[in-house]
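The transmembrane segment annotation in TrEMBL covers 7-25, 31-48, 55-72, 78-97, 109-127, 133-154, 161-182, 194-212.
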Amino acid sequence: MKSSKLILGIFLIVSILDIIGISIGNETMKYIFKPLIMLTLMAYYSVVVNNENKLYLAALFFAFIGDVLLMFDTQLNFILGLISFLIAHVLYIIIIVKLLNKSTSVQKTIAIVPFLIFYIGLIYLLKDSMGEMLIPVVIYGLIISTFGAVSFLNYLTKKSVVSLVLLGGALFFIVSDSTLAIDKFYQSEGYFSILIMLTYILAQYLICRFMIVESENKE
């Protein structure tokens with residue numbers, strides 16, 4: 001228990017230092033602390049649970065790879081980072097689908113429609129400025145929207161606190177990635193980089209909490 005609290009404390013510290021580095025424009029701080037965010041979250045999860053979900057650990061690993069790739073502002077790194085996070089989201093979707101209760105057509109529709117509308121609206125907004133990145137972003141957007149929809153469906157069928165935590169994680173992830181897309185392809189604002197990282201960290205932490213509780217429920 002003490003070790004898990006220590007690792008969680010380190011996760012919090014490196015997250016804060018990374019955001020400070022972003023806010024003051026210190027590239028060295030970003031290069032040092034950003035990769036540590038996922039590594040400490042992986043360590044925290046591994047210490048807390050008795051039976052690790054290998055798919056989840058793989059998702060965190062691909063998120064870590066994505067974080068490292070996106071630190072370098074080139075189109076190749078952006079595409080490779082996109083692929084890494086796409087794989088992570090596919091793994092998240094597989095994990096959640098395995099946990100879903102039986103649902104009605106109405107529940108499925110309610111879960112899908114909001115994310116579909118947001119997805120279509122965002123792609124429409126960005127389509128003229130994405131150029132050759134249009135197809136990769138469309139595919140990635142479809143996957144993360146699916147992640148949001150299955151998380152919402154999980155909440156609709158369970159109405160539990162932990163399912164709400166997962167939904168919160170999915171929503172924060174969508175906010176983070178949508179802001180990143182707007183920043184890169186539509187309009188850049190000074191505060192976007194902080195918002196992107198803050199919502200990303202919250203998303204990953206909430207998903208981790210969900211996975212920990214799910215592991216405890218199986219014991």
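Just so you know, the numbers here start at 1 and follow the chain as drawn.
A Cβ is built for glycine as well, from the same backbone N, Cα and C atoms used for every other residue.
Heads up, TrEMBL stuff is auto-annotated, nobody curated it.
Contact check: the transmembrane segment (78-97) against the transmembrane segment (31-48) gives fewer than three Cβ pairs closer than 8 Å, residues 6 or more apart, which falls short of the contact criterion. If one looks beyond the transmembrane segment (31-48) by at least 6 residues along the same chain, the residues whose Cβ comes under 8 Å of a Cβ in the stretch are 3-4, 7-8, 10-11, 14-15, 17-18, 21, 56-57, 60-61, 63-64, 67-68, 71, 197, 201, 204-205, 208, 211-212. Same-chain neighbours of the transmembrane segment (55-72): 30-31, 34-35, 37-39, 41-42, 45-46, 78, 80-82, 84-85, 87-89, 91-92, 94-95, 204, 211, counting only residues six or more beyond its ends whose CB sits under 8 Å from a CB of the stretch.
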